[in-house]
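*Asks:* Encoded as structure tokens, here's the structure I'll be asking about.
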Amino acid sequence: MFSSAVARDRSSEEMHFPERESSPEDLRQQLVVQNTFLDLSGGVSAMERFTQLRRVRSDPTLAVESEGDGETEEAPASEVPEIVERLASLASEEQEAHVPEPRGRTTVCLRNVPNNYTRQMFVELLEKQGLSGHFDFLYLPCDFHRHANLGYAFINLVNEAGVLKFWDIFHGFTAWTLPTAKVGQVSFSGPHQGLRAHIDRYRNSPVMHKSVPEEYKPLLFKSGTPQPFPPPTRKVKRPAPAKRR
């Protein structure tokens, strides 16, 4: 529905490309289809292969990049569930051994969020997964002009147990409300960690300017209930207008 361009990470405070925090570089390995079988060779883990299976076309077919010439092969929609199920099984086995120790870190970045998820839809997703009361900060950066999120979100959990719970649910997550082949990928956020750091980070940000629609702003929670964001400590700049292309 939305151009793939909206999912690209940006490092600007401009209105059309909100600020982001650092998160792991997008994986560049491609899923290879050879003779109707999935090629999982080349030293790349099943989890990494699984994260590549995420582009869904409206015709509907899944475009899977083939090896060598860069052309695409169209996998019929009927084959997609089987492919997803097979890779999900392999990926779930890997992820159990790859949940890192929080070591005091409570803020995570969730990548591969479907671009047409709104902030409210994302909050409802977390609550549906049993995380109500486990997080106190949430920010889903959006492209204000295309009315789409940028494909990642920042969530601060209230404690390390919440981090492990979130990681267990969303690393390898595929049960999105909307039809998509995107696979959730969780990492720790940086350089900002913790609730206080994120309040300080965003309270004076252009994203908090009065001209920005409420649904594009960060949210604070206490025991599952939305809380008002602390007022800015200096004048908040208006977001820069979209650049003409």
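Indices start at 1 and increase along the chain as displayed.
Every residue, even glycine, has its Cβ placed from backbone N, Cα and C.
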*Asks:* When you get a sec, could you say which of 41-60, 61-80 is annotated region 'Disordered' by TrEMBL?
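*Replies:* Spelled out, TrEMBL records region 'Disordered' over residues 61-80, not the other listed ranges.
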*Asks:* For a three-state summary based on DSSP, what are the helix, strand and coil counts in the domain 'Mei2-like C-terminal RNA recognition motif' (105-199)?
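*Replies:* Counting residues by DSSP class gives 26 helix, 25 strand, 44 coil.
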